[in-house]
Ligand code: TYM
């Protein structure tokens with residue numbers, strides 16, 4: 001890694017299994033970015049405990065997430081792959097930033113409002129849920145990040161991280177790089193059943209990276225397409241086309257041509273997408289199954305010291321600047 005390269009940071013929560021939205025929206029870009037940037041990718045386990053969680057499930061989710069990152073092509077020779085909780089600088093900087101972030105800004109976050117509703121019905125809302133975006137800002141700012149590849153649902157959080165950094169720099173002197181975000185072509189993969197909502201892990205509306213060929217086919221064949229005849233491409237068809245465009249650009253062009261000539265049967269689109277998606281995911285799934293649990297955990301150990309020294313540098317500058325000895 002050379003100093004001239006810009007820094008990329010991104011993260012994923014180890015909550016259950018990775019779905020196609022996580023993958024196409026963010027993780028899929030990581031292996032490409034590592035060739036041109038100095039990359040740090042994080043499994044953000046402290047973010048995973050901001051909503052209801054099972055302590056018995058968490059280690060399994062951490063290991064699986066690490067395996068998917070490696071299977072997607074992220075190379076530990078090129079990138080740092082870290083486990084957030086192993087680098088305490090993340091939470092230490094988060095505390096400082098918490099003390100400098102107005103409460104109103106956190107209460108306005110869309111994801112907080114959405115999750116507040118879900119959590120109320122479960123174990124109640126914990127303070128960590130409100131402070132979640134500050135920990136995320138800390139993740140990003142600790143590494144002097146230039147670019148953050150994320151899905152659309154995280155844009156508001158990156159904007160908040162930018163505001164936090166600017167406010168800090170203006171008040172105390174420049175410590176943090178102001179990060180930008182990067183969206184992929186699939187920045188908002190929609191639910192297969194209800195294509196006006198984003199894809200998540202629950203039910204049949206989302207494809208998990210671990211789904212078998214049969215499951216992928218069944219879910220795609222059951223996807224909502226048009227409910228009423230219209231000249232405009234429906235949200236459901238658009239969603240299927242967007243996925244196809246990434247997994248097989250050539251087939252996508254053929255389907256689009258048919259759509260424009262009004263000869264496209266949605267059954268055909270679904271069959272083609274299922275076939276292409278299955279073969280797109282197959283090599284990643286194969287690689288995933290070759291990685292042992294120990295290898296998945298070792299990867300964090302290998303990155304830890306270098307990541308921690310980068311994090312410590314920023315944290316000690318931040319502490320000095322605010323007057324903490
Ligand atoms: P998380 O774990 O919810 O999701 C990981 C990444 O997947 C993207 N994503 C989607 N993209 C397209 N379509 C979808 N349906 C979809 N669903 C999820 C997310 O936008 C994200 O990029 N707060 C973050 C984790 C985080 C982080 C960070 C990210 C913590 N610190 C620092 C970047 C930088 C989150 O909960 O992602």
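Glycine is treated like the rest: Cβ placed from N, Cα and C.
When TrEMBL records 13, 14, 15, 21, 22, 151, 152, 153 as binding ATP, the matching candidate from 74, 189, 237, 247 it lists for that site is 189. Rounded to a whole number, the C-alpha distance linking residue 15 (ATP binding site) with residue 139 (L-tryptophan binding site) is 18 angstrom.
According to DSSP, the secondary structure content of the motif ''HIGH' region' (14-22) in residues is 3 helix, 1 strand, 5 coil. Counting neighbouring Cβ atoms within 10 Å of each of the binding-site residues (15, 22), the lowest count belongs to 15. A simple Cβ count within 10 Å picks out one of the binding-site residues 139, 152 as the most packed, and that one is 139.
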